[in-house]
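Chemist: The structure that follows is given in the form of structure tokens.
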Amino acid sequence: MPELPEVETLKNSLKDKLIELIIENVELKRDNLRYKLSPLLASEISNTNILDVRRRAKYLIIDFNNDYSLIVHLGMSGRFTLQPSNYETKKHDHVIFDLSNGEKLIFNDTRRFGMIYNFKTNFLEKELFNNLGVEPLSDSLTLEYLKSKLITRKIPIKNLIMDNRIIVGVGNIYASESLYLARIHPDKLGSNLRDDEIESLIKSIREVLAKAITAGGTTLKDFVNGDNKPGYFTQQLTVYGRERQNCLNCSSTIIKTKHSGRSTFYCRTCQYSEFT
């Protein structure tokens, strides 16, 4: 599932190309994705100017000049790409936005696990996003903040940094990579982390996410940016997907385990912990 780096990459690839364009028409090829599409979607954003393209957590947000915003979640296999005027619609193209420059913005989703909503812009932070945690690349992620969220939590730190109520956008791949970089065992309980470990973890999360954004995100199967290009952070993965391979730091064997049904990869030597 696309996480913060993938959605940030998508935003970066679309923003400059979409701002000031007009949505001339919206065509719904079906009435539902993961959830039912609003029957008012076309009427509420047709003939409106695009003011901004931004991201919050794993959501892509397109703001219009009529105080509405389009919220896009890619789900497992969603793609949101710009296509030329002569583009021929494909099987899983579910929503088509005709733009004033002749191009088309296409939402394609093979598994139909993605979501598209349209809301009043001022509704987003007040209601839709009010339970989300801090952005990991912002100044809001501090030692004091994260310590306050971990200090009573006798839950593995891997689960906690993937909790969007604490920190948004640190998905499964980036959690394993960040914990490895910080040399913290994924099973260590949040309440047992020392201050220096929390500081190291914050630094590692930021470093991993920044590198992933620079590489255009991680494409394991479906993700592409708005220009239909894959991400290349896969080539920089240090532990994720490397079960039974040698650790790049110490040559120990990379271990694969599970946390809440999600695969976790770590080095038992570099991330050694006497207790969790």
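The first residue you see is number 1, and the count goes up from there.
Even glycines carry a Cβ here, placed using N, Cα and C.
The active site, schiff-base intermediate with DNA annotation in Swiss-Prot covers PRO2. Under the heading active site, proton donor, Swiss-Prot lists GLU3, LYS58, ARG262. According to Swiss-Prot, the feature DNA binding site maps to HIS92, ARG111, ARG153, an assignment based on sequence analysis. Swiss-Prot lists 238-272 with the feature zinc finger.
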Chemist: Spatially, and counting Cα to Cα, which of the recorded positions is closest to ARG262 (active site, proton donor)? Options: PRO2, LYS58, HIS92.
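Modeler: For ARG262 (active site, proton donor), the closest Cα among PRO2, LYS58, HIS92 is found at PRO2.
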Chemist: How many angstrom lie between the most widely spaced Cα atoms of the DNA binders HIS92, ARG111, ARG153?
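Modeler: So the maximum pairwise Cα distance among the DNA binders is 42 Å.
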Chemist: Return the residues near HIS92 (DNA binding site) by Cβ distance under 8 Å, restricted to its own chain and a separation of at least 6 in sequence.
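Modeler: Correct list: ASN108, ASP109, THR110, ARG112.
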Chemist: According to DSSP, how is the zinc finger (238-272) divided among helix, strand and coil residues?
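Modeler: Per DSSP, the residues of the zinc finger (238-272) fall into 0 helix, 14 strand, 21 coil.
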Chemist: When a 10 Å sphere is centred on the Cβ of ARG262 (active site, proton donor), how many other Cβ atoms does it contain?
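Modeler: Counting Cβ neighbours of ARG262 (active site, proton donor) within 10 Å gives 15.
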Chemist: Using LYS58 (active site, proton donor) as the reference point, find which of the recorded positions GLU3, ARG111, ARG153 has the shortest Cα-to-Cα distance to it.
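Modeler: Result: the closest of the recorded positions to LYS58 (active site, proton donor) is GLU3.
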